[in-house]
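Accompanying notes for the structure given below.
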Amino acid sequence: MTIKTKLLKLLILGAPASGKGTISSRIVKKYNVSHVSSGDKLRDHIEKQTDLGKEVKKYLNEGKLVPDDVMIKFMITELNKVNNKSWLLDGFPRTVAQADALWKVQPVDVVLNLVVPFEVIIDRVKNRWVHLPSGRVYNIGFNTPKVEGKDDVTGEDLVQRPDDKPEAVRKRLEIYESATRPVIDYYRNKNILKEFEGRTSDEIWPKVTAYLDPILIK
Ligand code: AMP
């Protein structure tokens, strides 16, 4: 299998806990593209207590969106660091202002939208644990870690994200509806939106590969 030489700019959209993280890591692994996840990068800054980390911490803990000006500057800088490789953008843009700013400097080629029922999302979040340094996500009862509370690869502690608390999740889903819905329409109007429906990532994944194989593999 050879990866096509044309560099592709992919974007993945989906509500919080729609399986975006899981599908993204599978795409990154299968097609060897760079994963640029705004949430992972922000959590990394918080962990390292950088100036940006200190500035954005309260937004993440409360499940609120980081202001557009901060996000736009940060993410465009991050994208410019990716050299000569296709990328998959995850978590950005979340508002039309962000989408517009991105379009001006890095117009994306393909937008994948994951469509997962609301009740499935609520249930999933309750059981979600993450390994912060790597961003690996576990779901109790579905992909349970081998040792309770520990990352399979490093054996380090897993944590529940503060924004996975029920109140923060409700807030994030509300924000998603009001701020991010228009982003979906933005890309639909540009005719580059492709939607994938399902209740689990395993149900969605074959649909994603059926779509991406012809455009990413020779
Ligand atoms: P995620 O891991 O993508 O769900 O992002 C976690 C949190 O990071 C969000 O709830 C926001 O507080 C913040 N965040 C990530 N990406 C963005 C963005 N594009 N715009 C504003 N805030 C963001």
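Heads up, the Cβ atoms here are built off N, Cα and C, so glycines get one too.
TrEMBL annotations: computationally assigned, not manually curated.
Here the region 'NMPbind' (37-66) has long-range neighbours at 21, 24, 74-75, 78, 89-92, 94-95, 132-133, 135, 162-163, 167-169, 171-172, 175, 179, meaning same-chain residues at least 6 beyond its ends whose C-beta is under 8 angstroms from one of its own. Taken from TrEMBL, the feature region 'NMPbind' covers 37-66.
For the recorded site, R94 (AMP binding site), the DSSP three-state label reads coil. On its own chain, R94 (AMP binding site) has S38, L65, M71, Y176, A179, T180, V183 as residues at least 6 apart in sequence with a Cβ closer than 8 Å to its own Cβ. Among the features that TrEMBL reports, AMP binding site is placed at S38, R43, K64, L65, V66, G91, F92, P93, R94, Q98, R161, R172.
The region 'LID' annotation in TrEMBL covers 127-164. Broken down by DSSP into helix, strand and coil, the region 'LID' (127-164) contains 3 helix, 12 strand, 23 coil.
Annotation comment: TrEMBL describes R128, V137, Y138, S201 as GTP binding site. S201 (GTP binding site) falls within a helical segment according to DSSP.
Per TrEMBL, the feature domain 'Adenylate kinase active site lid' maps to 128-163.
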Which whole-number value in Å describes the distance between the Cα atoms of Y138 (GTP binding site) and R161 (AMP binding site)?
12
Max Cα-Cα distance in Å among R128, V137, Y138, S201, the residues listed as binding GTP?
14
What does the DSSP secondary structure composition of the region 'NMPbind' (37-66) look like, as residue counts for helix, strand and coil?
22 helix, 1 strand, 7 coil
